[in-house]
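TrEMBL annotations:
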- B:8-25: compositional bias 'Low complexity' (COMPBIAS)
- B:165-177: compositional bias 'Basic and acidic residues' (COMPBIAS)
- B:178-188: compositional bias 'Low complexity' (COMPBIAS)
- B:38-96: domain 'SKP1 component POZ' (DOMAIN)
- B:127-170: domain 'SKP1 component dimerisation' (DOMAIN)
- B:1-25: region 'Disordered' (REGION)
- B:160-188: region 'Disordered' (REGION)
Amino acid sequence: MEAISEFLKNNDHYLKSCILYEVALKKTIPDSYQTFCDAVGKDAMEYWDFEFWYKRFFEGELDFDYDRSKDPVQKKLMDMPVNLVRKIAEKMDTVERSALRSVNKAIKNVADSFLPIYESISITWRGSNFLMWKYNDNPTIHYGDGKLEKLSNLPGFEVNNLLLRGEGIHPECKRSDVLPVSFLNPKTVDISTRTIDEAIQLLSIVNPGNLESIRLWPVKEDSFSEFFKTEQFKKAKNVEIMSLKGFHKMILSNFSHLKSFKIKLSGDFLEEDFWRIRETISTFENLEKCELRIVNSENQLQIRTVAEAIGAVVPDGPLKIITHRYQIPESNKCLEFKIESGGPHILMKIVRIC
Amino acid sequence: MSSTEQGTSSAAPAEPTTAPESAAAPEVPESFYYVHGKDKVVHKVSAGALQHSALIHGMISNLGYTEEQAKANPFPFENIDGDILQMVVDWCNQHKGKPTPPEDTNLPKQKEKLFDLVLAVNYLEIKELLTYCCKQVAMMVKGKSPEEIREIWMIPTDAEDEAAEKEAKKRAGKEAAGETAAAAGDAK
C-alpha cells in the first residue's frame, strides 16, 4: 500500500488523475482533498494547489502540463499589510477571533491585539459538575475539562453578561470551584434554575463588586427572603424577576435601593393599595424607573380604578392607557405613571423625573 | 392620606407630524476624469463617483482640468488589475451620491479576487468599500476551525513558515556567495 502512495506521489500526471477522479465524483473540494490526502499523503500537494487544479478540471481545462509559472502570483492573506489583516479580524466577533489564535503565530498576534471581551457567555450545569456553555448568540454548545480555565487565562478576559442555567444541580456541588475566578465579575447575571435555593447558590458565586444587574427567571418557590439578604442583591442597581406567581404587595420596600426593577405583584388589591404603592415608590431615592405587572386574585383590575386610586384625572369612555404625573411631596421630583391594560393584568410603568 | 397631590393626567393620542419638503439642489454640470489599471483600459468616471476614493479625490480636488485635459491625462494605477479596477469603478458609480447601505452583497465570492480587491480598495482609500470587503473576507471563515481557516485563507503553519524562512536564507546565502565569486572572477 505504501508503495502505491509513493508511486502516485512521484508522478505528477498520476496525482492530477487522482484530482480529476474526484472532480468526476462531484465531491466538494475540502472532501476531495481529504480523500486525496488519505490516499497519497498531505505532503503530496498543498490544499491551494489542489484547489487550483480541481477548479481548472471542473471548468473543463484538462491540460495536465499547464505551466502555472506564467500565471499572476496569487494573493494570500499573509501578503496583506498587518493593518489590513487586523481590520479583517476586527470584523469577527470575539468567539470567531479566538479560532485565529491557533492558526499560526503571526495571526495569533493579530488576534491577541484585541481584548477577549465576551458580551455574554451562557453556562449550564447538568447533574453534578458537568458544564456546557455557549458564546454570545452562537448556538454551538461547548464542553470539556480545562477549556474555560484556558479561556479565562487570556490577558484582559472579561464577560459582561453571565447567563447561569441549572438543571438539577446537586445541592452539595461547589460551583465556585468549577468556574474560573475571572468569570465571576460580570456586570449582569441572568439566572434560570428550578428553585430559588438553586438560584441563590448560583448567584452567590458571582462577585458582588462589579455586578450591576440581576435577572431571575421563574422558579418554583415564592419565598425570596433569602434572596433579598444576599450581598449581590443588596449591591445591585437593576433587578428583574420574571416570577410566575408574583410577589405580595408588601414586598416592595425590599427594592428601595435600586435604580430600576421589574416585578410582578399578585394578590387581593384594594384601591388604597395603589395609593400605598405610589407613596412607597416615591420614597425610593435612587429609583430611575420601575415596572410593575399587577394581577388581582379575585376580579380583573380596571385601569380606571388603578388610575383614580393614584390620583389621576380619568376621562370618560373606554381606556387602554393613561399617563399621570405625581409631584413627590417636599421634593422637586415627579413620578410619571403610565398605566396600561394588558389583558388579565395591569402594567404600571413608573419613571422618576426631575 | 396626603393632601399634597398635584397630579396631571393625559390620555391623548400623539398627533401625526409632517416633515417640510426639502428644496431641490441647483444642478451643476458634472465633470469626468479617466483612470486605467494594469491592462491600460481607460475608464471614464464622474468626479461624484470618484469622491468615494480619498486618494483620487485628493488628486483631483486642485487640478481644475478641462474635459480634454482630463481625457489626455488618465490616472494610471499600474498596481491594480484591470478587472479589479473595473469592479471598483462600478461600485463607485453605483454608490455615487448615495448613502452606503450597511451590507453589500455584490462583492466577489472568490478569495483571489476578493484579496486583490481588498488591496486595491485599501490603496485607493475607499473607506466604505474596504469595510464591506474586510467583512466579506471575515465571513469566509465564519464558524470554521483553525485548520479550515488556514486552508481557506492560505496561511502557512508555523513549521511551513520556518521552513520557508530557512530556505530563503539559504538561497540568499547562495546568491551572496555567487555574487562574491563573480566579483572575485571579474577582479582577476
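Heads up, the Cβ atoms here are built off N, Cα and C, so glycines get one too.
Mean pLDDT across the domain 'SKP1 component dimerisation' (B:127-170) comes to 86 in this model. Using a Cβ-Cβ cut-off under 8 Å and counting only residues 6 or more beyond its ends in the same chain, the domain 'SKP1 component dimerisation' (B:127-170) has close neighbours at 52, 54, 88, 91, 95, 100, 103-104, 107, 111, 114-115, 117-118, 121.
Broken down by DSSP into helix, strand and coil, the domain 'SKP1 component dimerisation' (B:127-170) contains 33 helix, 0 strand, 11 coil.
Residue counts for the domain 'SKP1 component POZ' (B:38-96) under DSSP, helix first, then strand, then coil, are 30 helix, 7 strand, 22 coil.
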